[in-house]
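Undergrad: One structure follows; several queries about it will come next.
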Amino acid sequence: MTLSFVTRWRDELPETYTALSPTPLNNARLIWHNTELANTLSIPSSLFKNGAGVWGGEALLPGMSPLAQVYSGHQFGVWAGQLGDGRGILLGEQLLADGTTMDWHLKGAGLTPYSRMGDGRAVLRSTIRESLASEAMHYLGIPTTRALSIVTSDSPVYRETAEPGAMLMRVAPSHLRFGHFEHFYYRRESEKVRQLADFAIRHYWSHLEDDEDKYRLWFSDVVARTASLIAQWQTVGFAHGVMNTDNMSLLGLTLDYGPFGFLDDYEPGFICNHSDHQGRYSFDNQPAVALWNLQRLAQTLSPFVAVDALNEALDSYQQVLLTHYGQRMRQKLGFITEQKEDNALLNELFSLMARERSDYTRTFRMLSLTEQHSTASPLRDEFIDRAAFDGWFARYRGRLQQDEVSDSERQQLMQSVNPALVLRNWLAQRAIEAAEKGDMTELHRLHGALRNPFSDRDDDYVSRPPDWGKRLEVSCSS
């Protein structure tokens with residue numbers, strides 16, 4: 001089958017990019033590809049059998065027209081000016097059978113005009129982390145970019161030490177970022193901001209294109225998508241680590257996996273980025289930061305969208321987030337109906353977990369085994385303060401009895417939203433260390449496991465992390 005590519009970005013937004021081709025690595029070789037995703041995109045298997053090829057920037061497919069995008073943004077709350085694709089190149093936009101498109105973005109593809117002081121490269125460590133994280137999030141049901149392939153090489157890339165150079169093929173319906181809009185707003189080119197908005201509406205919100213109120217309705221949906229995404233992050237214990245405005249997806253996708261982390265111990269103020277000295281991007285601050293970022297996006301639209309309309313959309317953010325978060329947390333607790341004591345029970349559990357430094361994922365998964373008429377719980381042994389747990393657990397069982405549903409039905413619901421497996425940093429690190437020695441077995445094995453996060457397991461993927469694996473510090477270097 002011949003793949004079809006279109007050039008919408010190149011044709012319609014000529015001032016938002018520089019056209020250039022990838023710079024290949026030395027002795028590049030394909031070490032992993034996403035068979036399931038490739039099948040979904042109708043990519044012929046033969047493309048993965050001819051060396052690094054397009055996956056390593058050595059060749060382009062017919063119809064591809066590579067370019068690096070320019071955007072700007074706020075980083076850690078401070079205006080950073082022009083940024084852009086410093087090591088990534090958009091190879092093309094694949095046209096799918098249903099008429100939608102999928103960006104092929106090659107990360108680590110070499111120097112671009114937006115590399116600033118960087119070398120345009122990515123290291124094997126960071127490409128493995130992003131491939132694992134994006135696929136883990138996808139199978140958890142959270143909107144995200146996807147990973148299609150990883151190429152490693154003999155090219156050394158220098159970070160804290162010399163590391164193997166690598167490339168990741170990332171795919172997404174769009175790489176539109178808040179930072180694209182900021183770039184032209186701060187250059188006082190509001191008409192180009194409007195052109196970006198029109199491009200987004202035309203291709204991703206086409207049902208609004210002929211509506212006289214299209215900009216307000218579109219921005220309201222961007223707010224809602226962002227609120228929903230952040231709510232989902234919070235329910236699975238995901239910390240992004242670097243929520244700069246240039247890392248915010250207009251479509252509400254999880255974008256740019258750098259120093260991310262999933263909670264091990266329940267620690268509301270968890271900071272996964274060792275460069276985040278003030279805790280701006282801590283786990284519990286993510287909802288507030290996302291709203292701040294939306295406010296920056298709204299500012300760029302203010303020359304042609306009424307401020308009252310923008311503020312009305314922003315004012316809806318908290319309620320949308322709380323609604324999505326509340327619905328999912330009630331499911332995690334096994335509540336079928338909504339009762340007034342639900343929030344108090346959840347907050348009491350969180351307080352207990354924080355005091356005891358309980359494992360976030362294991363706690364909710366083990367809670368899924370609760371039988372409402374039994375005082376016994378496998379979770380009890382996870383707590384030192386048994387009296388405090390017993391008191392909470394008695395109230396929790398009483399609440400369960402208000403819903404007329406069998407234990408088996410409720411347990412099935414809970415186990416469908418409380419994963420047994422999340423991508424803990426130590427699991428990724430183990431796969432990385434093996435891969436850097438040339439052994440890809442664990443990389444493939446872990447990818448396979450992450451496809452079934454809600455299935456029961458009895459291996460170390462779902463055990464408590466080892467002491468060395470807790471609070472692994474991760475930097476932005478990639």
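Glycine too: its Cβ is placed from the backbone N, Cα and C atoms.
Below are the features I grabbed from Swiss-Prot:
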type	residues	note
BINDING	G84, G86, R87, K107, D119, G120, R170, R177, D256	ATP binding site
ACT_SITE	D246	active site, proton acceptor
BINDING	N247, D256	Mg(2+) binding site
Undergrad: Hey, how far is G84 (ATP binding site) from the residue listed as 'active site, proton acceptor', Cα to Cα, in Å?
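TA: A Cα-Cα distance of 8 Å.
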Undergrad: Count the Cβ atoms, other than its own, that fall within 10 Å of the Cβ of D246 (active site, proton acceptor), considering every protein chain shown.
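TA: Looking across every protein chain shown, the total is 22.
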Undergrad: Once the chains shown are all counted, how many other Cβ atoms turn up within 10 Å of the Cβ of R87 (ATP binding site)?
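TA: R87 (ATP binding site) is surrounded by 21 other Cβ atoms within 10 Å.
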Undergrad: Can you tell which of D119, D256 has the most other C-beta atoms within 10 Å, given these are the binding-site residues?
TA: D256
Undergrad: Kindly assign R87 (ATP binding site) to one of the three DSSP-derived states: helix, strand or coil.
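TA: In the DSSP reduction, R87 (ATP binding site) maps to coil.
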Undergrad: Mind computing the max CA-CA distance among G84, G86, R87, K107, D119, G120, R170, R177, D256, which the record assigns to ATP binding, rounded to whole Å?
TA: 23
Undergrad: Given N247 (Mg(2+) binding site) and D256 (ATP binding site), what distance in Å do their CA atoms have, once rounded to a whole number?
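TA: So the Cα of D256 (ATP binding site) lies 6 Å away from that of N247 (Mg(2+) binding site).
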Undergrad: Tell me, by DSSP, whether D246 (active site, proton acceptor) is helix, strand or coil?
TA: helix
Undergrad: In which DSSP state, out of helix, strand and coil, do we find D256 (ATP binding site)?
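TA: Note: D256 (ATP binding site) is coil by DSSP, not helix or strand.
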Undergrad: C-alpha of D119 (ATP binding site) to C-alpha of D246 (active site, proton acceptor): distance in Å?
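TA: If we compare the Cα positions of D119 (ATP binding site) and D246 (active site, proton acceptor), the gap is 19 Å.
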Undergrad: Between the Cα atoms of D256 (ATP binding site) and the residue listed as 'active site, proton acceptor', what distance do you get, rounded to the nearest Å?
TA: 9
Undergrad: Taking the Cα atoms as reference points, how far is R170 (ATP binding site) from D246 (active site, proton acceptor) in Å?
TA: 17
Undergrad: Which whole-number value in Å describes the distance between the Cα atoms of the residue listed as 'active site, proton acceptor' and R87 (ATP binding site)?
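TA: Roughly 14 Å, rounded to the nearest whole number.
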